[in-house]
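J.: My questions all concern the structure below.
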Amino acid sequence: MKKSITFAAPGVDKRDIENGFASCKDTVMMIVGGLCAVIHGAASPLMLLVYGQMTNTFVAYELEVQELKDTNKECNNNTIYWTNGSIYETAENSTVYCGVDIEAQMTMFAYYYVGIGIGVLIVSYFQVAFWVVAAARQIDRMRKTYFRKVMQMEIGWFDCNSVGELNTRMTDDINKINNAIADQVSIFIERISTFVFGFMVGFIGGWKLTLVVIAVSPLIGIAAGLMAMAVAKLTGRELKSYSKAGAVADEVLSSIRTVAAFGGEEKEAERYDRNLAEAQNWGVKKGTIVGLFQGYLWCVIFFCFALAFWYGSTLVIDTKELSPGTLIQVFFGVLMAAMHLGQASPCLEAFASGRAAAKIIFDTIDREPEIDCFSEKGHKLDKVKGDIEFHNVTFFYPSRPEVKILNNLSMKIKAGEATAFVGPSGSGKSTTIQLFQRFYDPKEGMVTLDGHDIRTLNIQWLRSLIGIVEQEPVLFATTIAENIRFGRPGVNMEDIIQATKEANAYNFITNLPQKFDTLVGEGGGQMSGGQKQRIAIARALIRNPRILLLDMATSALDNESEAVVQEALDKMRTGRTTISIAHRLSTISNADAIIGFEHGQAVEKGSHSELIERQGVYFTLITLQNQGKSNTTKDAISEDLEEDFSLKVRSRTSSKRDSVRLRSQSKLSNDTSSDVLKTLSDKDFTNKCEDDADKHVEPAPVARILKYNQPEWPYMLIGSVGAAVNGSINPIYAVLFSQILGTFAIGDLNEQRKQISGICILFCIVAVISFFSHFIQGYAFAKSGELLTRRLRKVGFEAMLRQEIGWFDDPRNSPGALTTRLATDASMVQGATGCQIGMIVNSLTSIGASFIIAFYFSWKLTFVIMCFLPLIGLSGVFQAKMLTGFANQDKKAMEAAGWVSSEALANIRTIAGLAKESSFVESYEQKLELPYKSAKKKAIIYGLCFGFSQCVIFMAYAASFRYGGYLVSFEGLQYMFVFRVITAVVISGTALGKASSFTPDYAKAKTAAARLFKLLDRIPKISMSHADGEKWDNFRGEIEFLNCNFTYPTRPDVQVLNGLVVSVKAGQTLAFVGSSGCGKSTSVQLLERFYDPDEGKVLIDGRPSCTVNVPFLRSQIGIVSQEPVLFDCSIAENIQYGDSTCSVSMEEIFEAAKKANLHDFVMTLPDKYETQVGAQGSQLSRGQKQRIAIARAIVRNPKVLLLDEATSALDTESEQSVQSALDEARKGRTCIVIAHRLSTIQSADIIAVMSNGAVIEQDTHDKLMAKRGAYCKLVTTGAPIS
């Protein structure tokens, strides 16, 4: 029996799935469960033997009754005699048997039925429980293996596989495998067993008829197989095209600020809808094909009835080979076999999707990582000096093999020295660091540590020597203390405090309400850039590393913190080999050696003074940086070289949700009590909120759901007609079937033949009708349902884009949560319309027709069977539940594990750098305990319910046939009516069950719809509509902040702006300076109307901003932020994004690109402006992204230009030219500049110095210098602002 499971299949053999992860215990459970399934499968054919004998009894009794109607006959010694004593003989000279004790016979049959029923209860329980438990154990093992394997992969693999995709694989794909190997297998075995035993019963009863029926059954089998294949294929296509749309939604929601700032909402909704159209078409095709095949199946089955009855009746009447009972037994045996073969096909579908999913999963599990971070292999050196050498290294990223990053690079880094890498962006500086961490292996050449090729060293040990501080540090969503502990496990609190003191982080941490237990938010989003940086430095310090890699470690800091952190780093550097990358050359002039990079080669090396003499790369960079210095005191120059924040979304973090700036991200509201924070740290906070939100949602009225489906009413009407016809087919079958049984008791043979031919013709007619009605129902409802899903997804997405930015700060509305909501809610709503309506109409007509027939022919018997109806209905519900599989219920329990995996995959580089993979794997395995336990518990309940639902039908037969016998003998009911009533009622019962379950949950659909409607009905606090608010023609760009107070909605206790008063006239430049977290970027967000001030006003051309039309206002503003967000499309399209009102011509793009000093670089790329920038622009260096963002702002031709540290991500060379491009762009425009680097803003008309959300002094550069106030102090010393 086990053999039958392994259908030859693409890629993975079914058995691999089992054997790969099955222990002995699992195998035993699966074998025992399989045997039980075989026995269970044999029960129904066994019942047919009883059924056949019973029919014979009824027919004999009926003939006897008809004979004895003649008063001249009587019954003696079980034979009919004439009343005169001679034996009565029929025309064929045979005697007629009589004296059937119908009641006693029926009682015996009832006992048979009950016996079979109890047996079924027991075996079906074990069959299901064993298989489900075994599957749960294997899936648990598989999840762990898969996650562990993924965490083992080298970084290059992650470059080629998106994190989102891996997450879906971990949940959906493994659930698919679960569906394939849990209950489905046992049900499959049971059905195949019924198939085999059914044929056996057939052959034993009468081989001729069996062969005739078998000749037809391949038609059924083939159709079922084809249907399963087609559905699997189309589902794949549909999911694929929807995942494209999902990717668009995710990208847009992750960078909602950029979308809002450039007014791209409508454009994005269009782009989303375009991808939905494709998914819709595949969905309609799928529905149509299912309808076609179902119609075909029923059609064949009814033709088969006609043929079998016609041929069978000739065997009974003419050749007397069969008795009527054996005819029933043979026919139903074969029919049951064929039906069960057909019903086994949904299991095949589950197997097919399970195998396809397993192929992907196993490919990953079997893939050997090129760099295995868990491997124990490799040396651990006893003593590490720290000499690093690169020998002729050539390298390109696996995701972009055509671009050479390092080109035959050779260089030496001496132990204990501080070495600095300098060079233009994109010249390969960061890449060398990644090679040394062994994130990648060089394609040619080698990297050595103390003369050993690092490929021969133990990788965990190698990474434990390295401390790295990146320029955009990744923190994990837990407390500050835990984040620092990631650096070195098992450190005590004293060490942590010491490390934070050295990193100058201690003070700001102790000022937080929860101190070290403060949660940093997802991706550290609750901390400002400088704070994150210092926590990361503490994390590196606590490792006490031999080798320190500083990738622009201080770039995210303002003067004040930078000076202190720089000092901490200098302390940290002593006695260690240090490599630092910097664009700001002042920070590295005291390095022992400076290496200049260009085009992936080290072109020069020496100390500061030597390189100045050589007049090479370094010299050019230095002179460029020192140009344009105002004649302030000489010693200010080094401070002046200030801020250089640069960003390349190397880790593709999901936390890029906030394009305008990460720093201004909302901090957690600290007034929540600490236990809430505790739950938060377990990451289930968001789930809790969502549950609460769901609980309060009143299910949506169906009328409103249908209103969205209104345009499709013709489809729904036609579909319902089709469904009604389908529903009435089963009751008609009950009438025809019992009619055939009735004909056998007719004495006149010619009359008998005539009746049988008539019935067979009726069967043929029904067959043709059912083909068309199924097809119509399938197509019409698929069409209306898919159109509805698409419409809801689109309006849902548009509604999301209409919300104000503050709404997105709420953790419940994170991009991940919102995209899932779009994907699932919209398709769930189909459960209340679409195929659902078809199902309901179908079942209702079926039940209605059955009851009319039943009551018409015998109301007493109907009432007896109706007692069993609720049970039969329930069993129907269960059968349907079995088909859909119950693995979906575990989804909820899996969420906690999902959090762990998605955080781990999103920040894989940081985890690899800290060599922390194993702790994430452990955490993940811990979170899997719960789902595993609940799955085992469910298996038992599930088995019981299944057993009960299987045996109830046998009990119903026992009672109703026993009572039917009574009615026949005492009330003279015709026996064929007994069959008719019982068949009809049982059919209606199963229809009831189907109706109550096939429904992919009606209630779910209603709550899903309610959630969607809640979103659609939400009125955003800041209206985005084109109609609201005033517009005016000559927008000048005068801006005034009047006593603005502001707190972020998610953090109401932290006052960000505190009575801000500052104004700028049209065409002037206003510069904000101040330490990080003082509210500089927040003021820019108020101007963009991402938020409105709590008190005070922002005046624009003298009008309060809250009365101004938002799209109009934003169309006047161009913004360049410090970490620009690019979209996953071509460079040209990214620049066009700047102006969404009209299409931007290529000339304008070239023009803007030239102004932003981008054109020449783009022309060197193979695809020029058609080059794809990758997700979040990951294929470009920081400087290149920044220039695209500037071009994007220039194309807009705005009246107001906002520059939020716009040049910080650039190296000196590009900075000079971009700075001049920006100076050019500022002409005639109002401009607001935020800078940490003071040299860039000295030409501003007004410089406003901010502290704690208020302006403490403002004037021009020279006047402020003369005042000798805070600004002067800042310029000359970098001292803290009071």
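The backbone N, Cα and C atoms fix where each Cβ goes, and this holds for glycine too.
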J.: Of the ranges 713-736, 833-856, which one does TrEMBL flag as transmembrane segment?
T.: 713-736
J.: Ranking 28-51, 185-205, 713-736, 756-782, 972-992 by the number of C-beta pairs under 8 Å to the transmembrane segment (289-310), which range is first?
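T.: Looking at each of 28-51, 185-205, 713-736, 756-782, 972-992 in turn, the most contacts to the transmembrane segment (289-310) are made by 756-782.
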J.: Looking at the stretches 185-205, 756-782, 939-960, 972-992, which one shares the most CB pairs under 8 Å with the transmembrane segment (713-736)?
T.: 756-782
J.: Other than its close neighbours in sequence, what residues sit by the transmembrane segment (211-232), given a CB gap under 8 Å and a spacing of at least six beyond its ends?
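T.: Those are 199, 202, 286, 289-290, 293-294, 296-297, 300-301, 303-304, 307-308, 311, 330-331, 334-335, 337-338, 341-342, 344-346, 348-349, 352-353, 356, in sequence order.
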J.: Please tell me whether the transmembrane segment (185-205) and the transmembrane segment (939-960) touch - that is, whether there are at least 3 C-beta pairs under 8 Å between them, with each pair 6 or more apart in sequence.
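T.: Since fewer than 3 Cβ pairs under 8 Å link them, the transmembrane segment (185-205) and the transmembrane segment (939-960) do not come into contact.
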J.: Let me know the model's mean pLDDT on the domain 'ABC transporter' (1039-1277).
T.: 78
J.: For the transmembrane segment (939-960), which partner among 28-51, 110-134, 756-782 gives the most CB pairs under 8 Å?
T.: 110-134
